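S.K.: Have a look at the structure that comes next, please.
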């Protein structure tokens, strides 16, 4: 069915990851909001380009046409318009739904989590955009996933490229979807799709090819600003000047080394209007894994200045830029690593097991564990009247509980508890 039942170890791993992501979002001063899983179908249609076929459509008993949310961005834009909010920095972590062909090994599901960070409001160019890229850089560095690269482009530059190559406006969105496949297949295949399926002339495809295979940094931006054709195009010029500014800010943040200005990056969604970006991991192979885990991009986003206006009765626009962390894909990589390393993932945060060495001491255990819980200490005990001590200590080892609080007849007489470090077997009386 393309969704998974997650075992406790997987959920614990996910919680650890989400905690790191949330910590980063909060560090940047973002507030959290929530939107419903169900939206009116008309809210979602016409926003996702060719991906619209993956929207889960529903019809409720009253005949209303509904859909499950496809991402967290369109509901966010609707939320801003409905509540007349013109300025917010927010994060939202929730499940989204896609009627896709699932591929479990590639972290591709029909129901999965997205972690979004967005900045909405009228600000000076590229400052919020640079912060979104900084957030991606921080999260991927914190999670220690290995080497990564963040590709950056601008829809206005692409627009200009298509214009100077004489591509009609009507083909812009469909061309974006085709160009976006360059990270998965060679130029020859992309070119044949443009010519064979999308009806482009071979000459026009070749002209596009000269541009979309370029990638680099500030030097490439400077070169394109001098390009006789592109520099004459108003949109491309605007995009390139903003890209230059963005790279200056990224240099000040100390992260420009992980960025690549990449003209093949298009991102297939309709709503992007300016800067777009996508983060990819550079090393998924592992010597010990027979199949390498290929997960594609692990974060993506961009600027969508026109989306809020679509939901506002007066068409009032709120400029927005945001990023989505592909947490499910990151799980796939980490799960694989844990499997290979044989590492045990703790499924609980229990600090201490309350144990007894003799029979008829259940009352002592219940009293002590109650005290610990009331004091905010994470504690467990076995649900047996008279468990063997060895069994209790074995349970600690199996589940990674670091301490055992042992209370036997002698301890009760002396008014103490024996605290045992499970790993070192050292004991202290308290």
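Cβ atoms here come from the backbone N, Cα and C positions, even for glycine.
Annotations for this protein, taken from TrEMBL, read as follows:
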- 1-357: domain 'Aminoacyl-transfer RNA synthetases class-II family profile' (DOMAIN)
- 71, 72, 73, 98, 114, 118, 267, 271, 272: L-histidine binding site (BINDING)
S.K.: Inside 10 Å of the Cβ of residue 272 (L-histidine binding site), count up the other Cβ atoms and send me the figure.
M.R.: 25
S.K.: Can you name the residues of this chain that are 6 or more positions from residue 267 (L-histidine binding site) yet have a C-beta less than 8 Å from its C-beta?
M.R.: 176, 180, 276, 278, 300, 302
S.K.: Considering the binding-site residues 73, 114, which residue's Cβ sits among the greatest number of other Cβ atoms within 10 Å?
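M.R.: The residue with the densest Cβ neighbourhood is 73.
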S.K.: Which value in Å gives the longest Cα to Cα span across the L-histidine site residues 71, 72, 73, 98, 114, 118, 267, 271, 272 as recorded?
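M.R.: Farthest-apart Cα atoms in 71, 72, 73, 98, 114, 118, 267, 271, 272 are separated by 22 Å.
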S.K.: With every protein chain in view, what's the tally of Cβ atoms within 10 Å of the Cβ of residue 71 (L-histidine binding site), excluding that atom itself?
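M.R.: Its Cβ shell of radius 10 Å holds 19 other Cβ atoms.
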S.K.: Restricting to the domain 'Aminoacyl-transfer RNA synthetases class-II family profile' (1-357), report the mean pLDDT as a whole number.
M.R.: 88
